[in-house]
Amino acid sequence: MTQDAATTAGAEALCETVRWFAQRGYCPGTGGNFSLRVDDERLLITASGVDKTALTPADLLPMTVEGALLSDGKPSAETGLHLALYQRDPAIGAVLHVHSIANTLMSRIGMPQQLRFEGYEMQKAITGNHTHATRITLPVLDNSQDMDELASALAQRYDEATPAYGFLVRGHGIYAWGADLASARRHLEGWEFLLACELQRRQLENIR
Ligand SMILES: CSCCC(=O)C(=O)COP(=O)(O)O
Ligand SMILES: [Zn+2]
């Protein structure tokens with residue numbers, strides 16, 4: 001597929017964002033997957049199993065929002081979740097998924113259905129939040145190797161996930177999205193900071 005200038009620029013920007021996270025340890029063992037909406041019908045998504053620390057546009061595959069692959073290659077094993085989000089909300093412009101120690105552990109300790117955050121200035125990184133003095137919630141879905149099952153669990157909890165612009169998958173990682181790449185990245189950085197703070201606070205305060 002030949003790409004127009006906007007798609008080429010979007011691919012470069014997505015790769016820069018992926019490398020930024022990966023080089024900071026958010027994508028160990030090729031973990032994580034990333035996508036960017038190109039227009040109403042098409043998106044770019046990372047190929048499966050590639051090293052995210054050195055990602056280039058050649059590692060991005062074009063596909064339709066309905067799931068038809070538009071080039072050769074094997075798209076992310078978690079493509080189904082990305083598609084479910086783009087299909088659910090045409091305003092979603094980018095979806096980012098990473099694996100960190102904080103997001104993996106925080107979804108397991110006490111097996112929560114959601115995590116609550118209160119009192120952190122960083123809460124303002126999540127669109128719609130203007131103060132630390134409120135409580136925000138991040139839903140936790142049980143992990144599954146069946147993307148249809150995960151997508152249907154997400155559909156049932158979508159109203160909870162909407163204001164969070166994200167959700168955790170238990171023992172697995174976090175998904176975050178936004179209207180564009182910059183806001184998706186801000187949401188992901190914000191949630192990762194909040195999760196790392198809470199994990200460390202629990203350790204320091206001996207909370208289970
Ligand atoms: C080695 S991590 C296991 C797979 C995973 O959870 C992930 O995010 C990466 O899968 P992909 O097919 O997108 O490379
Ligand atoms: Zn994953």
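Positions of Cβ are set from backbone N, Cα and C atoms, glycine also.
Curation does not apply to TrEMBL; its annotations are automatic.
Database features (TrEMBL):
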- 12-199: domain 'Class II aldolase/adducin N-terminal' (DOMAIN)
- His97, His99: Zn(2+) binding site (BINDING)
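Neighbour density around each Cβ, counted as other Cβ atoms within 10 Å, peaks among the binding-site residues His97, His99 at His97. Look at His99 (Zn(2+) binding site): DSSP puts it in coil. When pLDDT values are averaged over the domain 'Class II aldolase/adducin N-terminal' (12-199), the model yields 98.
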